[in-house]
Amino acid sequence: MAQSKGQCPHFTQLIALQPPRLSQADSPDGVDVCLHCFNGGCLGEERHHARTHAERTGHIWSLNFKRSPKPKSQRDDNEPPLKRLAIVEEHEADKYDTMTTLRCWECNSIADAEVASRVAPLINGVAASLSSARQSEVKAWEEELEPCEHTLTLDQSAATGAPPGAHCSNCDLKENLWLCLTCGSLGCGRPQYGGTGGNGHGLEHWRSTQHPVSIKVGTITPEGAADAYCYACDDSRVDPELAVHLRNVGIDVLTQTKTEKSMTELQIEHNLKFDFSMTGEDGKLLQPVFGPGLTGLQNLGNSCYMASVLQALFTLPSFKSYYGAASNTTTEHALVCSVALPAECLECQMRKIADGLCSGRYSKPSALNTIQNEKNAEDTVRFQDGLRPASFKALVGKGHPEFATMRQQDAEEFLEHLLASLRSANQGTPTDVFRFGIEERLKCNECGKVRYRVDEHDSIGVPIPAKELKPAGEGTKAEYESVQLTDCLDTVAGEEALEYLCPSCDKTVIAIKRTRFATFPNVFVVHAKKFQLVNWVPHKLDVPVLLPNDDNITLDKYLGTGMQPNEVALPDDKPAPSSLPEFNADAMAQLASMGFPEIRCKRALLATGNSNAAVAMEWLFLHLEDPDIDDPLPGGGAPAPNQANPEQVAMIVDMGFTPAQAKKALRESGGNPEQAVEWLFSNPGDAGDTEEAAPAISAAPSQPKVGGVDNLPANYRLKAFISHKGPSVHSGHYVAHIRTEDKGWVLYNDEKVVRADSESVAVLKPLAYLYIFEKI
């Protein structure tokens, strides 16, 4: 029994501590916040993470924090309309009542009011601090609009003033009007969400005149703000000199009044109403299910891609067993974890997710998450609150340019990122179920010699052919002919002709590349690549992909053969002659005698025309801090003929890809830069060639060590699929369907976990983005 007196001497040392950042504390026992390192821990008898933390670290002071929702009458839930694509900070004091208690774990005592008053600034700091989730959300994301070269260098020499009459110059529309800032022409926009009409005459004006920048007239404000769109960039932009540019076409911003919704407001309105249907084929709400493995995950703000992947992963036995969902190893890891804080340990976070999703402890109906059928008031269901994986998201996305943000991301890319993160943290065991080898065989058509290469993969991307049956119309999507998944796999495992500089024939020939499986995974992930490049931007296509009626596939016929006894291996590629000049020997000797490394001497001479030591030395002193001063010289490494061209690599890197990705894309496309870029867009999760990877295709007949198995049969059954709704994988919404033993197909839509009806499965399965098969 804890002491109630305040004689504990340890509390007097608290005054020097700083306010922490607080995690949520909605459980009945609250959460204990360590006042040394501000780690949060629960107080339950079963998990007792607060006590475990104190015993492991010797941090003896903690602050117990409890909060409860204020009564409805004390809260103001009528929020003003959103005006920006941003997450607005919420003040928890407006929504919750809080209670705090000081504890010393060494004395097992509770501080009295007198002690608590001495550390009031610390207690107030805890109560006022934002949780890690809220901090992430507040800075999360805003729609980041920037000026472009067209808005910054706008030519208004042809401006004649805005035309009289508030309607499109080519039709009678009086709203959704766009003003050309180059000449003052007024044209209607394209149809917008919410029923706003448009015939696209503004776009036609751009196509006929190439005048790039237009302003949405109804969004002009006296403050000099308005929606600006650059047709040349095909994107929304900011015009820093908008007031001046509008004045040149006869519009004074001070006299304007905003009369229409901006593109931001229309997008917010669309997002608020955007969701997968939660009603079945009978018109009734889908029924929620509860229990172990049926716990939802709250959407933290565009985090549905992460939730869908996590739900799929933790339905796999390898993840459930390794991270303690099927055993009691989670508490044991907490006792021996070498990382200072659980929030910084990926294994702690994965075990926390496993416990939350698989234990069933949090899978309970909530009175705060009730949905009523719009067509039937008596049809009401209660969903669960769902878990908030905020600390997991913060850790796994830390330092990543995309996953550290709150923007929508690609589910396949996140899966690859998470698997790589687990392996780098020495937690690769559960991820081994995804590993398999892809065998590439290259055969020269002239000499008949062959070369084999095996690369390890975690998933396979299959190109989905798009044959349009019905073009998109106003308010309707394009319709495409359905394709069989097995046909797409046949395409991947087919043969491809490409140009190749054969080291045996010593000339450019036509070679045949064939792709097969060297090994098969235990869990087979198929990425349906439904993209079409439009102005180098990938657009998603809703092409139906059909699976066999029993959801089973076999990969037996795709097993590779390896080097056969009657085959002759191609020799190694011959090094290309160096393109570097013969360096001035005297100058090299003089520079070397001054202590400069050889690579710097050559770089300096190369940069100064290979003339003399004095000029080269002056160049060296000016460039000693250059980051590439010691890099290999371009053209000096004698690359093999079939390795990537450095200039082509640099060009692709300038587009935002890594050198490793550029090299692999060029190899896969036979050195064609345009096809390489298209390959990269079709394989967004591929990290590319690593430094340890074999250059080009290995001639060695021996089997490299890769994951997976090569025994037959290779039969698989669909375990889960992740679907996406929206025009791009970087917007819209993801959900997961998972096949369970006792409840059939279950739909995981953020915190809503429901039994999926046959219509939901039949409609969404062909449109899935990721398919996950288990070996049977």
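Heads up, the Cβ atoms here are built off N, Cα and C, so glycines get one too.
According to TrEMBL, the protein carries these features:
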| type | residues | note |
| --- | --- | --- |
| BINDING | Cys168, Cys171, Cys188, His201 | Zn(2+) binding site |
| DOMAIN | 295-776 | domain 'USP' |
| ACT_SITE | Cys304 | active site, nucleophile |
| DOMAIN | 582-623 | domain 'UBA' |
| DOMAIN | 643-683 | domain 'UBA' |
| ACT_SITE | His733 | active site, proton acceptor |
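Overlay of TrEMBL feature records on the structure.
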{"residue": "Cys168", "record": "Zn(2+) binding site", "DSSP (3 states)": "coil"}
{"residue": "Cys188", "record": "Zn(2+) binding site", "DSSP (3 states)": "strand"}
{"residue": "His201", "record": "Zn(2+) binding site", "DSSP (3 states)": "helix"}
{"residue": "Cys304", "record": "active site, nucleophile", "DSSP (3 states)": "helix"}
{"residue": "His733", "record": "active site, proton acceptor", "DSSP (3 states)": "strand"}
Cys188 (Zn(2+) binding site), Cβ-centred 10 Å count of other Cβ atoms over all protein chains shown, is 27
Quick note, the residue listed as 'active site, proton acceptor' and His201 (Zn(2+) binding site): C-alpha atoms separated, nearest Å, by 31
Across the domain 'UBA' (582-623), the model's average pLDDT, rounded to a whole number, is 88
Same-chain residues at least 6 apart in sequence with Cβ under 8 Å of the Cβ of the residue listed as 'active site, nucleophile', in sequence order, are Gln408, His733, Tyr734, Val735, Asp750
Residues in the domain 'UBA' (582-623) per DSSP class, helix first, strand next, coil last, are 29 helix, 0 strand, 13 coil
Cβ density check for His201 (Zn(2+) binding site), other Cβ within 10 Å (all protein chains) comes to 21
Counting only residues outside Cys168, Cys171, Cys188, His201 in the same chain, those with C-beta within 8 angstroms of the Zn(2+) site's C-beta centroid are His167, Ser169, Asn170, Asp172, Leu173, Leu177, Gly187, Gly198, Asn199, Gly200, Gly202
In chain order, residues whose C-beta lies under 8 angstroms from the C-beta of Cys171 (Zn(2+) binding site), counting only those at least six residues away in the same chain, are Cys188, Asn199, His201
Close in space but at least six residues away in sequence, with Cβ under 8 Å from that of Cys168 (Zn(2+) binding site), the same-chain residues are Lys174, Leu177, Leu186, Gly187, Cys188, Asn199, His201
Here the 10 Å Cβ neighbour count for His733 (active site, proton acceptor) comes out at 20
